[in-house]
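Copied over from TrEMBL:
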DOMAIN    64-428  domain 'Cation/H+ exchanger transmembrane'
REGION    1-25  region 'Disordered'
TRANSMEM  59-87  transmembrane segment
TRANSMEM  107-126  transmembrane segment
TRANSMEM  135-160  transmembrane segment
TRANSMEM  166-185  transmembrane segment
TRANSMEM  197-219  transmembrane segment
TRANSMEM  225-250  transmembrane segment
TRANSMEM  271-290  transmembrane segment
TRANSMEM  324-342  transmembrane segment
TRANSMEM  348-368  transmembrane segment
TRANSMEM  375-397  transmembrane segment
TRANSMEM  409-431  transmembrane segment
Amino acid sequence: MIHSSSSRPFQIGDMFGSQNENSDDTETVIDKEDNVFVMSNRKTKYPTLQLDLRLIKDLVVIIVSATAGGIIFSCLGQPVIVGYLLAGSLIGPGGLNLINEMVQVETFAQFGVVFLLFALGLEFSLPKLRVVGPVAVLGGVLQIALFMFLCGLTAALCGAKLSEGVFVGTFLSMSSTAVVSKFLVEKGSTNALHGQVTIGTLILQDCAVGLLFALIPVLGGSSGIFGGMMSMGRLLLVLSIFITVAYMMTWSFIPRFLKLMIQLSSQTNELYQLAAVAFCLLLAWCSDYLGLSLELGSFLAGVMISTTDFAHHTLEQVEAIRNLFAALFLASIGMLIHFKFLWNHVDILLAAVILVIIVKSIVITAVIKSFGYSIRTAFIVGLSLAQIGEFAFVLLSRASHHHLIGGKMYLLLLGTTALSLVTTPLIFKLIPVVTQLGILMRWFPSESGVQNEGKLSIPHIKTWFSPT
């Protein structure tokens, strides 16, 4: 029980000097053996600001380290994402152990996931998907389904859990929108046929992330197949209602609200920026409260705003916030990497990366080829998407939270993803060499054949979505 001394009435003299307030209200704790303990961090009569200096120190260390890692890898021509990950692994428990209490940092870094998906929703555009029509939508869905099936079947044959195998399939199906788009822009390939197919597939994968988040709690459940189907059915019902309400708000409330914020923010964008962040967090919390996920709610919040004329302005306002928290999130993921574990399993890690690149290239090439594209175009798209994307880290973090995968599998997938991103620049440098070799060996059609393919395919793609 807790015993506190009785309080005397407030007097005018109490406003001057604080020597009595601590002595009068000494709080003690008495255990069942009558041992008396004095509370060293007892509450005072009046509210005071409390500072968590450990959290402040940890945030300073992780932000400075992530910045340094990003700068170094940017100078080396590598994705800054890998710099954030390795910076986190260096300062974490598996490295220099500068940060050993990770709960608060990981909780704070969760905002990175929320704002990443909010920005992704803001960039959502159905017209972009229409450009490459069936190969982006149907082909993208087919790729995800194939990876889930192949990994689930492999897990079942090896005696592992089917749910774990299905998750690994969804994990492997993700490719890096940020890294691949960067290289396509640098090489001027965004308007090429293989560039359009690649970007369309990436957009579909990004759109599927929200639904994959909703699938993870079902895969992580302890119920059987029937219970899992019932749980998925309830989830889809709640999801349908949630999306319906959001759709109604999109056309009735959101445009008026954003227009009002624009008018009130004529002098400064501070209020609009705060309103956008508040809307994102509110919808994320509502989604989580309904049993969906923070990530799905934040993605839907972005999609709702993307249908208005304020999408680009909103993205400009939250982009800096997203970048900061995304770096914090990726660095916090990196803190879970243990160099000793990866070094002890370096053979498995390298074999896993090579296997991922080969399998993803073959599966994606086969899917693209099945939609009537040339083997050359399909092969270039397959190699371009052969890495594991940055949103796989988000899926991996959530799967670990739901105990869907074990600790060793978590570290292996984490290391495989980081290494696959590192090898992406090398793959893009090899693509022209491999394609020229293929043309010389008559495996691929010539440049003129590919140009004719583009002229024939693009009108066909556009008419696939045109009304009859």
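Cβ coordinates are placed from backbone N, Cα and C, and glycine is handled just like the others.
All TrEMBL annotations are machine predictions without curation.
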Could you tell me whether the transmembrane segment (375-397) and the transmembrane segment (135-160) are in contact, taking contact to mean 3+ Cβ pairs under 8 Å with a sequence separation of 6 or more?
no
Relative to the transmembrane segment (59-87), which of 107-126, 166-185, 324-342, 348-368, 409-431 accounts for the most Cβ pairs at distances under 8 Å?
324-342
Whether the transmembrane segment (166-185) meets the transmembrane segment (375-397): three or more C-beta pairs under 8 angstroms:
yes
Run the contact check on the transmembrane segment (197-219) against the transmembrane segment (375-397): 3 or more C-beta pairs under 8 Å, excluding pairs closer than 6 in sequence.
yes
Looking only at residues six or more beyond either end of the transmembrane segment (107-126), which have a C-beta under 8 A from one in the stretch?
55, 59, 203, 206-207, 209-210, 280-281, 284, 294-296, 298-306, 311, 314-315, 318-319, 321-322, 325-332, 391, 394, 397
